[in-house]
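Quick notes on the structure that follows.
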């Protein structure tokens, strides 16, 4: 990790130092995704079977996972892991249940009633990546709020062969339909529907560059997605009271995600920075994914700040996905932290807790999007509608205001919609 003293940098250098690794969708990826889209839209299930053989090296008998397959998968999972998943599910349920919208129903003036009503998104699709490490925790993060929100149909896609942990967790969360479909083809299948796959209104879940590009394309064509996606990242604010081993472990927990991940340490203590660098090397030696972590560390940085106030300013400028605060009285900094997907306060709140079981959602905006986007929550699985209802007297009292405004905007039909009613009321 490169170490930089913040106050020695000019504005351009600061901006460059806070930059992320470049994210560019290559022409090859775009062309490949376009070909997959055309194939799925034109050939439906047939394309999905062919693509499973091509990309997943799997010959499928059915795209739909049977209840018997789910039951067999559940039996193969250790009891201890089942209990851990159930504990995490309970915490996630409690946190998201508490996010239910409060009723908004009031008179803005006498006889003018305004409301906000919330309705679930009817049909949602969840995408869970495959690979060597099954992300069954993401099933919890997506399926639990979808159920609490009351989504009518929840389907899940994951590349075959689907890990037992994913099948067990999906079933535990009440997902009734699971498809053995991965990659960009899963996104296009859920967005457009096929003979077997139900069309959905919104798609959730992470994925590789092909999945990300497919989600971008379906968003342009009318299917909603959860949020823009990018490489994983963490920023740690630490002072002289922080444990360098703890700080190093938090940085490495993100660095091991992928070579394009980025980790940032911001501290007002040079000694802590040096101790953390030593601890990183010691811990790297014990990590199975050390090579991946080293690649991420190559474009990661340590910033030496003047004081904690400057640490906060740097963090807000970077706008991290994960923000770990390991300082004395960490909660005292919270009112000044404006841009982060999820914040972890104190020495015993590692980012891993939020990734799995504290109850917060680990689906977070990255790449600086936390300036304008929020962590995934119950609201993402529902939509708000406003309602207004006016009594005759309420209408009369507000009529002149509306007619004056409509006339000023030269929208005569708007004005007449009020004037016609007002005339009939005065005749009664």
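Even glycines carry a Cβ here, placed using N, Cα and C.
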Residue from 201, 307, 355 that Swiss-Prot also lists as binding Zn(2+) with 254, 257, 414
355
Can you find which of 232, 300, 375 Swiss-Prot lists as binding substrate at the same site as 254, 257, 322, 355, 409, 414?
232
Return one of helix, strand or coil for residue 322 (active site, proton acceptor), based on DSSP.
strand
Roughly how many Å separate the Cα of residue 257 (substrate binding site) from that of residue 185 (NAD(+) binding site), to the nearest whole number?
24
What is the number of other Cβ atoms found within 10 Å of the Cβ of residue 254 (substrate binding site)?
27
Which Cβ among the recorded positions (321, 355) has the fewest C-beta neighbours inside 10 Å?
355
Its Cβ having more other Cβ atoms within 10 Å than any other among the recorded positions 257, 322, 414, the winner is 322
